[in-house]
């Protein structure tokens, strides 16, 4: 790391760091990864361009938090902020005679983002493909048809949300389980609300111990701070985080049985094979990272190639498949299935890619590059010294988990990785856990909670979630205590 901290006389500013900490701290907690965000040769933390950069990012994030009211995509403000921040850095470094330093820092930050972009793009494509092949609809229909009691349904949707979120994003998982609850709940608002809270907590907890469960865990794994198999040490704490509030809430659910509903859903052709290809892709990406020391994105992109070949096979063989099914259904007199063949459309991989959450991916770029710029100016190194030197890392990580209930956990984790604190594996696992499950404390603390407020509008609300916040907080504390107890040895391990 270059730490010369030279600053041209025309950049010096009378304001000093302690007074600026009040403004900078909340901003930098909102920020991302960019391992290239190490402080540059020039210390710009007390300069006018530095103050402008922080103000730009703060203003952009205020607009992001007002996304619902402004009806403006969250990627817009951070994309502009990232461009302006790096433009100022480039201008300063060119005038200081150091153009290569800023170019190299930008390129390294962009490379880190690109690897994550490719990984997430493939994962989203597979999830979209499984959704289009009706894999999730089939699961929902199966749950609806079984006629489980309310208490059983509460536990089944929670447990499924916990495990599905280890490979699928918590947003998809939560909305799938909420759809089941809304279908069978017969307008029981209390039951719907408790199930929504349970699903949000479960999906966030499930993603906390899997490298594929959340963007935050993916980044910790890709940064080689925690090895793939080491994440599973968080399984016990994550289960405790989910089970403590779930057990308490289940006591308030009447054990009556709703009427069984009949819903016929057929998997589209190739659905099971796409699920298998997704699992194979995950295995390949893990092997690339652990055995070949190559980025996981390589394995994911290879898996995308497999999906494209399989999509080609589905398209080429579709006419023959339709003809065989028409003959079979006609002979059996199954007119319902015969009629459904008229709506069959060919599988197209690029349509699934186009349906990825591009606003999220572009927002991700804006935050990564913005914080990469702020880190290159020297702010993250300064904050790291304040937070992780002034405090015990355990307490710092617990507090940052609480911060993630208000601020999206992706920027929180990115900020920590960018600070590069010297922490044990146990502490890296701790921040992974707290940043992952801290969002459950408030309904707005995770994408799952925000989505369910819209899906169960007027039933699951910010206030209804807050009423159970003490129980959720109890689960948060219990999960931290369990981690400190059962994984005590990991706090002596440094990678």
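Note: Cβ is positioned from N, Cα and C throughout, glycine not excepted.
Listed in Swiss-Prot:
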type     : residues : note
TRANSMEM : 17-37    : transmembrane segment
TRANSMEM : 46-66    : transmembrane segment
TRANSMEM : 78-98    : transmembrane segment
TRANSMEM : 110-130  : transmembrane segment
TRANSMEM : 153-173  : transmembrane segment
TRANSMEM : 191-211  : transmembrane segment
TRANSMEM : 233-253  : transmembrane segment
TRANSMEM : 274-294  : transmembrane segment
TRANSMEM : 295-315  : transmembrane segment
TRANSMEM : 398-418  : transmembrane segment
TRANSMEM : 428-448  : transmembrane segment
TRANSMEM : 468-488  : transmembrane segment
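Counting only same-chain residues 6+ beyond the ends of the transmembrane segment (428-448), those with a CB under 8 A from a CB of the stretch are 169-171, 173-175, 199-201, 203-205, 207-209, 213-214, 216-217, 220, 225-226, 230-231, 233-234, 237-238, 241, 393-394, 397-398, 400-406, 408-409, 412-413, 416, 460-462, 464-466, 469, 472-473, 475-476, 479-480, 483-484, 487, 490. Of the two recorded stretches, the transmembrane segment (233-253) does not lie close to the transmembrane segment (110-130), with fewer than three CB pairs under 8 Å once pairs fewer than 6 apart in sequence are set aside. The stretches the transmembrane segment (78-98) and the transmembrane segment (46-66) are in mutual contact, each linked to the other by at least three Cβ pairs under 8 Å (pairs 6 or more apart in sequence). When Cβ-Cβ distances below 8 Å are used as the criterion, the transmembrane segment (274-294) is approached by residues 119, 122, 126, 129-130, 133, 135, 167, 211-212, 221-222, 227-228, 300, 302-304, 306-307, 310 of the same chain, each at least six residues removed from its ends.
In this chain, the transmembrane segment (110-130) touches the transmembrane segment (153-173); three or more CB pairs sit within less than 8 A of each other, excluding pairs fewer than 6 residues apart.
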